[in-house]
Structures are given as C-alpha cells and as structure tokens.
C-alpha cells in the first residue's frame, strides 16, 4: 500500500506543486526517503530563507505519519535543535487522508504562526511569548546564518 500511495503523492506534487515548497525522493531506488525544502514565508522572520527537511515514510504509510525533520537549523518554538517538529498532524492527529502536500503547508503555516503552548524549544517559546521583537530578531539571525 505505501509504495502505491507514495507514487500517487509524487504525481500529485508534480501536477500541483505546493507554493514555496519542494519534495521528492532522495533517489529512484528508495521512494520511502525524501528531501524537501520550505521557503520562509513572507512577513515572517524566516522570509528569505530556505529550510531543508527530510521525510521518512514508514512501511505502513499512510496509516502511520511520516517522520519529518528539519535539517536546517531554525529558531522556532516548535522545532528543536535536532530538527524534531512538534506538529499535531505528525503525531496524534495524523490521518491517512493527509498528504505530504498538506504536511508541507502545515509546516509553512507553523513558521508564520508558532504554537508556544506546545514547545519543542522551551527557550524560544518563552522569548516568543515575552518579547516578540527579540524573538523575531533571533529567528532572523538564524535564518540569515543557516537558511541561505
């Protein structure tokens, strides 16, 4: 099931690419491991950056969520220093009807609208809540340093 579904998602992404995002298998011999990019959304401290991700599909995909990790360092309340992403649809709210296109859109949306009440980086979440100006400054610094 997973191979057929992943092939369908490849075709969907070719037909209707997600604006500001790319995703594709690392190589044709292993469609279960992908690389992806997400451009920093306009009017966010991530604007101008390109963030690399890895996507690992479990053998029972789509019945289990893919493992998505940021490989570009990013200062964000919901992404830790190891690239782990706290996003409900990648955890307990995963459903087989979700696609990689929807996951990429959700991560892009998370960059615009962090959820500090469910942090992976408690320090970033605290700064986001207490001093948004300083948070944005630090997030921009990370973007300029790591996401070019």
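Just so it is clear, glycine is given a Cβ too, placed from its N, Cα and C backbone atoms.
As annotated by TrEMBL, active site, glycyl thioester intermediate applies to 86. The Cβ of residue 86 (active site, glycyl thioester intermediate) has 19 other Cβ atoms within 10 Å, all protein chains considered.
Positions annotated as domain 'UBC core' by TrEMBL: 1-148.
Across the domain 'UBC core' (1-148), the DSSP tally of helix, strand and coil residues reads 54 helix, 32 strand, 62 coil.
In the predicted model, the domain 'UBC core' (1-148) has a mean pLDDT of 97.
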